[in-house]
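J.: TrEMBL feature annotations, pasted as is:
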type	residues	note
REGION	1-24	region 'Disordered'
COMPBIAS	1-20	compositional bias 'Low complexity'
DOMAIN	108-350	domain 'ABC transporter'
TRANSMEM	455-476	transmembrane segment
TRANSMEM	488-509	transmembrane segment
TRANSMEM	529-556	transmembrane segment
TRANSMEM	568-591	transmembrane segment
TRANSMEM	597-616	transmembrane segment
TRANSMEM	683-705	transmembrane segment
Amino acid sequence: MEEIQSYSDNYRSSSSSASSPTGRATQGAFFYLRKPGTFRQPISFEDSPEWDDTEIDAQIEEVGESIHVATATASPSLSKINSGSLPSPSLPEVSSSVTARKIAGASIVWKDLTVTVKDKRRYSDKVVKSSNGYALPGTLTVIMGPARSGKSTLLRAIAGRLHGAARMYGEVFVNGVKSQMPYGSYGYVDREDVLIKSLTVREMLYYSALLQLPGFFSQKKCVVEEAIAAMSLGDYADKLIGGHCYMKSLPSGERKRVSIARELVMRPHVLFIDEPLYHLDSVSALLLMVTLKKLASTGCTLIFTMYQSSTEVFGLFDRICLLSNGNTLFFGETLACLQHFSNAGFPCPIMQSPSDHFLRAINTDFDRIIAMCKNLQDDHGDFSAVSMDTAVAIRTLEATYKSSADSAGVESMIAKLTEKEGPHLKSKGRASDATRTAVLTWRSLLIMSREWKYFWIRLLLYMLVMLSVGTIFSNIGHSLSSVMERVAAIFVFVSFILLLSVAGLPAHINEIKIYLHEESNQHSGAVVFLLGHLFASIPFLFLISISSTLVFYFLVGMRGEFSLLMYFVLNIFMCLLANEALMMIVAYTWLETFECTLTVVFVHVIMMLVGGYFRIRDALPGPVWMYPLSYIAFHTYAIQGLLENEYIGTSFAVGQVRAISGVQAVRGSYNISSSRNAKWTNLLVLFLMAVGYRILLFSLLHFSVRKNIASFKFCWPRMFTGKAR
């Protein structure tokens, strides 16, 4: 009870001090990265170390319940926060001394930044409106606001990663230079974690380092171990990210740490993180933010967005940029933000989280809640803690900030940071295309061998279905009367082996998502991705082809010549190779399992109908069905080639004196050629289809057609997807 009372008194004093200008204390041990009473000047590019990374030793001292990093530098905002009396968060135990790598951070300034989004045919909606701010090395700068306030858009604009439908106005300076950050100088972590579940944490980071960094493998292993240590992932380094039947998958907090560590292998000067606490509980959120604060103490500049935070997490921020409907309501020190709300007439109540109070005042969704609960009162009075509606509160806060000393201080700091050019950030180089192709091939082989959804479940389905088909058509003989049954068996075999490939769609979708994430961070490219996937899939596709063929071939009783058997295997292999490319195109188009499944099934059903079995191709209606559908269907050339392989050079006796060729016997059921080279022509067409579909996929990936496809998704019925686009 004494601890609880002490905590309450501590928090009450912090709230009261934030509510009055004279209430700011100058002493105290609020923040865990600062020894009480000791503060230093903010880091800028003028007093940063040499631009090349250097090794230093950071001594960590235990101060009661706080930790002090001797090498950590602070901004004036951090000193004021530290001087406050908010409660100190509980921290994980650390060793008495650790070795950290000093990073030369970069100062980031954005000035009069406005972002508009293209609506139909013109740029109209302003998502961000004339925002000003800065971020210094060794500090945490948070962009906070309610949903749809422009947080993520502002973060992407600063990082130079806006989507094609957005346009930016204004200026962004890096170390006083108006330029974009080169490759390797910054890292960007998306809100959603895009990880490979079948890899361990160490493998995930190691392959990421191989894709990003030039140099020798031994050097990259050291970088990976540093990233694991920086994100406190040592206990999870050898665990599978997605888990397996005997092991649970990584918790959400650790998955977010892996996503951040993946960017740390480049040792970036600036790190952008979109919603780092997304889907995290309070404990995981605090542990992650403590880790990020420790990372910032090495000199890295961290800028991230956040919707809401606990009191302990809020105390770790150095500066806050508060947005509402794209307008900047405040930028400055975190405790100064509390003072700003107090000056505007909205002091933070005792025992309420500052971030909760901020969002309560500026989130227009609360107006609907107040309207619904206007008659609801509690022991403390009205349901609402803000006496005016949200729109008025937002206008009041915005007007108060524009006329405040905080706004003038921001403009003065921006002018100081941009008046003199600092060192230019340099690109750190990247791995060659040959190296990245080899890495992606080996990684894909490892994923395919571990992921049962990729090929193993398909192999099992193929074996079971081919065993069923083979036993149904077993012992049909080689007489003239068996020709139609054999044609039907081959048609069913080809149709099922292509149709059952839909079981691999979820794996293809995951692989496309991984590519899109890596491509957005310039870790991969269209050519290396396609080559890596092709080389890795060939062994598995050949295994499926030969195993399925052997089961079907001998049960049905096909001709027992080895050359004919190998042609049968090659024919099915080419079909699967072309079909894999088609499924990748569909997966890239939709990125949703349900839509992809419907699309692939529909395409294969159409191919079956025009494949020449239900009706001979020459008898199909000319428009659409014969031209072009029957000429672009896999089934047409696969079945035709297999029948020519089986029946060219054979004959059937009709009575005792007359015989007809196998081609004539088959033409009653299927149209095939009598040329001995016809089957190779069909095989060549299948090969060209496999190449053509991959060229089409390359074009889609290279020109980022996916960004344009997203704007047309409204055509898909929402009742099918189950969610709004």
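Just so it is clear, glycine is given a Cβ too, placed from its N, Cα and C backbone atoms.
Predicted, not measured: the structure shown is a model, and the values here were computed from it.
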J.: Short question: most Cβ pairs under 8 Å with the transmembrane segment (597-616), which of 455-476, 568-591, 683-705?
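T.: Answer is 568-591, with the largest number of Cβ pairs below 8 Å.
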J.: Do any residues, 6 or more residues outside the transmembrane segment (455-476), come within under 8 Å Cβ-to-Cβ of it, and if so which ones?
T.: 448, 482, 485-486, 488-489, 492-493, 496-497, 500-501, 503-504, 540-541, 543-544, 547-548, 551-552, 554-557
J.: Taking the domain 'ABC transporter' (108-350) alone, what is its mean pLDDT?
T.: 92
J.: Do any residues, 6 or more residues outside the transmembrane segment (683-705), come within under 8 Å Cβ-to-Cβ of it, and if so which ones?
T.: 164, 515, 519, 526-527, 529-530, 534, 567, 570-571, 574-575, 577-578, 581-582, 584-585, 588-589, 632, 634, 637-638, 641
